[in-house]
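Undergrad: Please read through the structure below; I'll follow up with questions.
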């Protein structure tokens, strides 16, 4: 016994000396071993702890490993070919085998999880259980559970219409599962309508038994023997529980108050493994022992290895040197200068652990000012333009996000602003700054110095949301308001000679007329104006008159003298030029707001105004559309002030920057950057190469900066100052302890997501970043579904989507004219490659392009077969959505005898407003209307729709043609309405039903909605291109009280769509809405009046 103890001690010692690895993810357990994901790869280790062994190594991620019931295989979700598919690998290691091929949805933001997520196996080990989006549509955007055989073939869907996580009972006759899926949502202690409950479903009868439901989350279901195990945050933290279906008893098994129990998984016999604070723990369901598994992963750290990275794909900002010889780029958190023609690219900051941005060149060309968070907060820095000196910090003590510093022409001052709308003036030599103005409603970024550096102009917001022009006098230390609050004015820029201040203002009110209703929209409203600075200043555009030129004696003498001066100039060549003097600017503030002159240009969609000697530069855009590009690409225009002529300088631009001398302009065109001369009809631009924008990065330093920046952004922009009562600093410190263990960029996203989720708020999102994923394969989809005829050993066409031939969005390839494909046809080959029973048709459709040829026959043989060619699509979700909506519309028409209309709004964005316009106006004369916002993904157009639905009938009109009344307003709906909502009606899809009820438009029918209504903003990319969204704008009632957030919108009539009803073709919610409207129509009929008798006016 003592010899064994000695042996164990000797074995344990080196393992204890090895550092324990953390951030081990998605574990599973079987037979004394655990498998898990670390740094994007799969590893295996003893369940008692020790050294891990690598199973996979690939640039993409391998996730969600699950042992087969016999322990011989590990199924997992992998990105070997770009998208997420189901694979299996021998548990001792070996070559992965791909089982699924239908194109995965994505790449998805982390909050949506991963398509084709593996959950386990069938109890007999013949098939892998996974969750997929392949049949998700607009009404059922939730995923479903499928099995795919180990031997291959097409997946088979389980009978539940929608599902998240699930696990089979030991006899495979039942399953414990969640009908909803939100396992990756970064929102702890959530209590809204989307909170997951677990159910035991009888797979034959579809009868449901709830599993210990609460108002919070139940997830990670596992079936061991007679009990169900799961994880719940009912006590504030995710802990492990058990549930006995025989007596309905629930028992709490772990009692953590700090870290969550995450991604629990079992061997379906005895043991449960789970994540806890970045480590793994093992729970014994028999003894109820819960212990840590100390694991060391001998990873090569490839994803965290210091290396060179291309920065040209991460350009955030750019500028020009004073004379335009070099370009200035902000890319991947560093500041670069790049020659326009010859010379080296210089990295001026080389800061792996700092996000340097907003760089601006000094007027004398010696220095570059920029913003950096090198000391942990954003401050203003100065660096020599040739990179010969280390950056110098000019400000200290600032604690908010900063915006671009702008130099005074004298080079003595910098103006900058912060996220709170504060405008500062910085004395460069003294390194002191003062607050000179603050915008209480918005940030300020349009500050501009006068040519002599004595005045600073910018715009500030008013209570009516308009902006007004202000000028700060450095000599007076006084802020002067120039324009009033009645109209929107912004982007003040100074005439280089100091006579005028140009600006933009929305003052053109000729409306654009809608084609679908008698209504208007503002477009081309902006005009350019000039403020005359001096009381006796000249009109910038005086009346013009053609006159005969007569040379006076004075002009003759001046011409003769001019020849002598030219000779003198030739003699002066080679001498040093005198330093250029700055003009003296005089601003007479009294009456300045009335000395306004319009620039003689029509109203347009102007922006990006700049003034150089003799010219104005600006970007002009076409009318904006929601969901598609404008008919006119943005163009950079130049206006000749003397000739009063406008011309296009550069077409299809993104943005631009002008050199300080006003002679060169750097323009972004797509991914290219080009320098043009600032003059009409400028040609022969010089392309600035960004190929040498490269950075040497220590990933862990960069990840630490990203962590700090995300923490600061939430501190700076969160919608309430009290951070929901949480100690944000303490939360940051808690999760920062795990930062040294981040070895893959996806780990950082996970860590950041966990941190922000502590705030218990919706829309707290982290996504993106620089980590390698192979290019996703295109699959040439035909718009059909297939089924295996096992007897014939061939696949048949089980369904062909019809789509909508009028709308390219809903194009169905096999339903198009000339494509002879029929339901029931056998698919014998794809582009000549035979399709067999064990194969997957989607494998054969990978990497195909237009056209694709199928060999079809009504019988399972090649004899008499025909070849059918189709033009593929690469995403079938629109077809699934269109079919679901069409079925609903037809069902409503059938149930109501055509008296009630139906429309579904999939989101409150481009798709949602498209569908509303398409289907609302054709149905405005129905007696009733069902507005369906189930699974509405949100956006920002709900108020557009509510405004139209809330239109009131005020009158009617009759003319000499027809006896049907026309309405006033023309497109008002006069019937009764009802609104459908469900658990995944989210964001603006929450707000819509709330406002629908508040407007008195009708009842809400269905289930309580998501409950996330704090609007978000991004505030620019993170250092590596990642994104963080901060909840910034809460939703309140007219009395100021907070509404909807964290709870959702309760229906007036609660109706559930249970699985059995859905499988039977029923839609209980839709049917209840139709029944309500029919009853309402009978009780309170709303019909337009009949034509009245013609008036007689002879008396």
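Every residue gets a Cβ built from N, Cα and C, even glycine.
TrEMBL does not curate its annotations; it predicts them automatically.
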Undergrad: Of the ranges 540-579, 580-619, 620-659, which one does TrEMBL flag as region 'Disordered'?
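TA: Range annotated as region 'Disordered' by TrEMBL: 540-579.
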Undergrad: Taking the Cβ of residue 763 (active site, charge relay system) as the centre, count every other Cβ atom within 10 Å, in any protein chain shown.
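TA: There are 24 such Cβ atoms around residue 763 (active site, charge relay system).
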Undergrad: Among the recorded positions 988, 1045, point out the residue whose Cβ has the most other Cβ atoms within 10 Å, with all shown protein chains included in the count.
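TA: Max Cβ neighbours within 10 Å, all protein chains included: 988.
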Undergrad: Do you know offhand how many angstrom separate residue 988 (site 'Transition state stabilizer') and residue 1045 (active site, charge relay system) by C-alpha?
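TA: Pair distance, Cα basis, whole Å: 11 Å.
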Undergrad: Would you count the other CB atoms within 10 A of the CB of residue 987 (active site, nucleophile), including those on all shown protein chains?
TA: 28
Undergrad: Just to confirm my parser: what is the rounded mean pLDDT across the domain 'Tail specific protease' (866-1056)?
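TA: The predicted confidence over the domain 'Tail specific protease' (866-1056), as a mean pLDDT, is 97.
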Undergrad: Could you measure between residue 987 (active site, nucleophile) and residue 763 (active site, charge relay system) for me? Cα positions, answer in whole angstrom.
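TA: Approximately 8 Å lies between the Cα of residue 987 (active site, nucleophile) and that of residue 763 (active site, charge relay system).
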Undergrad: Could you round the CA separation between residue 763 (active site, charge relay system) and residue 1045 (active site, charge relay system) to a whole angstrom and send it over?
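TA: If we compare the Cα positions of residue 763 (active site, charge relay system) and residue 1045 (active site, charge relay system), the gap is 11 Å.
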Undergrad: May I ask you to report the DSSP-based helix, strand or coil state of residue 988 (site 'Transition state stabilizer')?
TA: helix
